[in-house]
Amino acid sequence: MELEEKPKYGEPRKYDPTFKGPLQNRGCTDIVCCILFIVAILAYFAVGILAWSQGDPRKVIYPTDSRGQFCGHAGTPLEKKPYLFYFNIMKCASPMVLLEFQCPTTQNFQCVNDKQSSHRNATVVMEARQVVMKIFEDYTQSWYWILLGLVIAMLTSLLFIVLLRFLAGIMVWVMIALVILVIGYGIFHCYMEYAALKGEAGANVTLQELGFQTDFSVYLQIRQTWLAFMIILAIVDVIIILLLIFLRKRICIAIALIREASKAIGHVMSALFFPLFTFFLLAVVIAYWAVTAVYPLNKLPTQTCSLSVNYSTSPEKAECPDSQCLFAFYGGETAYHKYLIWLQFYNVFLFFWCANFVTALGQMTLAGAFASYYWAFVKPDDIPKCPLFSSLGRSLRYHTGTLAFGSFILSAIQIIRVLLEYLDHKLKGAHNKCTKFLLCCLKCCFWCLEKFIKFLNRNAYIMTAIYGKNFCSAARDAFFLLMRNMIRVAVLDKVTDFLLFLGKLLIVGLVGVFAFFFFSGRVKAFENTAPSLHYYWVPIITVAIGSYLIAHGFFSVYSMCVDTLFLCFCEDLERNDGSTARPYYMSPSLREILWKNQNYI
């Protein structure tokens, strides 16, 4: 007798008449990971206390030379030298600042006075300083208008969410049309600017000939900039239109899922404001990391021998004639200084771990609340009271270890990516093409792995919120469930994500266009109202980025709701058959759409 071959992706869910949604009777999961996470947090506090007791945050506020002396500080030999000279200030934008918390430029830099500032690198430093000061002045002149723009973005996002609740189908199609129109207007505006610069002096200079300029408004005075903007927007518009053409049938199904998500959010309205709690916790994590990273920049002991500083071809010698033009490191000879780089590494890793833990907590909480909605047979009568706070309590009480486990795996991958960047920086100029290619492949592979782990973790948290399983079991069940419904994942879930992304683009586009006309003074009605700025693009970019973050916060609730309902929907199809004995839990409208379009799912 031949044994039956087990299904490749596990057995489908069986009908269970006792199953009514997220289990209330559950136990603690991944306890070892929970203990390790608590120990790591306590050690993180110890690192912070050590940094605060040993460090000197003035190193961030005031510039210092290679010996750690403050430039222009009263009562020091450098009192009349307030400026800091870097060999290559552009390297200060390197991701290595995250680990070393200092510019990874050649470490032969010194304080200079006004006479020495005529040097050409020094010129770049001064120009960059002026740009930073002008940007700061622009923020002081426009901060209340920026705040108003962010409030408008928040109200627009909230209005969009409310309209989706009642007019999901109409709003999605209106959103699609408006996105295409906003991008189309961007193309038209870029063409008008491109045409207006025809014949202007210096407008035909190429970006390569222009090079890097600290005054970014210079780039808007050449035609090639607007041509590049126009081409990029045209490509984006064509891609969106082609995707809509090929996905037109599936969009109807995705709209039904969005409509169902709107109903769920309508019954759990507190979920819309839950991202504020997540943002607050993330702000605490970021602030703690920043303060802890700043304080280890401590004072240096008095040097008995000055370094030789190579400004040209021959080094300048001082008290030590045999000294070389080399810079070792900041710090002293104590154990604290020797292990400072490892303490900073631990600080970065715990920052990733805590930030990912906070994000995971938000995802699991929302998943539990929306799963309670889906598995309520009679909606809203069977929905438990306060589903959001009940889900938050279950997540913290029973599944802190699971959240710590999933966030640890993701943090390990992220820290490996940082180390690869660190290695790439250290080997720059020394490795050949093969090692450069290998590093590029590794960075690409770990980027893809990070995206996959984020996707897997998200679905694992949903399964944990429903069934109360540990991380490995929940991740396996979620992966197998998605693989058994691979076509539905591509058709429903991803199309819905695409539509929600268009919603974010629409909000950013509308608020961004309004900010552009206001701050640039292109509309006469705003000429006397708009603040006088050095760079009008500073508040525009700030408003656009802030608008995206606000829209992402609101739409992340929608996205988590859709993902949760999608997994519940797949399980509903496996558990039940729509008969009187085994009825579906999905709404009649969603069931009707699926029945009409079953060839596409």
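Even glycines carry a Cβ here, placed using N, Cα and C.
Cross-referencing 398-420, 444-466 with TrEMBL places the feature transmembrane segment at 398-420.
350-377 is the stretch from 31-52, 170-188, 226-247, 350-377 with the greatest number of Cβ pairs below 8 Å to the transmembrane segment (398-420).
Ranked by number of Cβ pairs under 8 Å to the transmembrane segment (31-52), the listed stretches 226-247, 350-377, 498-521 are led by 350-377. Residues 19-22, 37, 40-41, 44, 47, 261, 263-264, 267-268, 271, 274-275, 277-278, 281-282, 285-286, 289, 383-384, 387-388, 390-392, 394-396, 399, 402-404, 406-408, 410-411, 414-415, 457-458, 461-462, 464-466, 557, 560-561, 563-565, 568-569, 572, 583, 585-586 of the same chain lie 6+ residues outside the transmembrane segment (350-377) yet bring a C-beta within less than 8 angstroms of a C-beta in it. Remark: the transmembrane segment (533-555) makes no contact with the transmembrane segment (226-247), by the rule of 3 or more CB pairs under 8 A. Distant neighbours of the transmembrane segment (498-521): 142, 145, 149, 152-153, 156-157, 160, 172, 175-176, 178-179, 182-183, 185-186, 240, 243, 247, 251, 254-255, 258, 527, 529-531, 533, 536, 539-540, 543-544, 547-548, 550-552, 555, 558-559, 562; these residues of the same chain sit at least 6 beyond its ends, with a Cβ under 8 Å from one of its Cβ atoms.
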